[in-house]
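According to TrEMBL, the protein carries these features:
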type: TRANSMEM; residues: 46-63; note: transmembrane segment
type: BINDING; residues: Ala74, Phe75, Gly76, Glu154, Asp155; note: S-adenosyl-L-methionine binding site
type: TRANSMEM; residues: 122-150; note: transmembrane segment
type: TOPO_DOM; residues: 153-164; note: topological domain 'Cytoplasmic'
Amino acid sequence: MGIVAGIGVLLPFPFYWWLWTNPQSWVNLCGRGRDPSTMMARVSHVLKAAQLLSLFSVASLSWPPPFYFWPLMAFGQFLNFRVYQLLGEAGTYYGVRFGKSIPWVTEFPFGVIRDPQYVGSVMSLVACLSWVPFQYILIWSLGYVFMMFLESKEDPNARAKSVS
């Protein structure tokens with residue numbers, strides 16, 4: 001079960017890598033009349049559910065959570081919510097790679113925390129350390145570090161052209 005859980009935790013990262021490095025393929029696959037960011041969001045939600053199910057399959061839940069759970073989970077989810085609030089679906093789900101114009105955002109947490117959506121996600125994962133074995137939190141967090149590295153190198157010439 002541990003290997004299956006590890007694969008489940010890593011499942012979304014090859015998809016994100018493929019989308020980041022081949023945005024035109026995704027736009028073409030989505031076809032006319034379909035928003036590639038919305039389609040990416042839908043697939044991402046299914047992959048996130050698989051990740052969470054993988055974590056639950058190896059977790060040992062207990063109550064009450066440790067003292068560090070609440071501040072880490074609350075601030076981590078605040079960062080994720082704030083990123084979505086500022087950027088919207090298109091900004092959160094690679095809209096700029098799919099040829100959309102996303103306004104430059106400087107409000108908190110941008111300009112203060114680099115890649116706040118990933119920092120928030122890692123904080124939420126670390127909050128669960130008392131329930132989930134360390135290696136699963138580590139590989140999921142390393143997946144986010146990989147995405148931070150990958151997304152730091154954005155080539156405007158590699159952006160997709162609209163199919164409409």
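Note: Cβ is positioned from N, Cα and C throughout, glycine not excepted.
Recorded features from TrEMBL, shown on the structure.
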residue : record                               : Cβ within 10 Å
Ala74   : S-adenosyl-L-methionine binding site : 13
Phe75   : S-adenosyl-L-methionine binding site : 16
Gly76   : S-adenosyl-L-methionine binding site : 21
Glu154  : S-adenosyl-L-methionine binding site : 11
Asp155  : S-adenosyl-L-methionine binding site : 8
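As a whole number, the greatest separation of Cα atoms within the S-adenosyl-L-methionine-binding residue list Ala74, Phe75, Gly76, Glu154, Asp155 is 34 Å.
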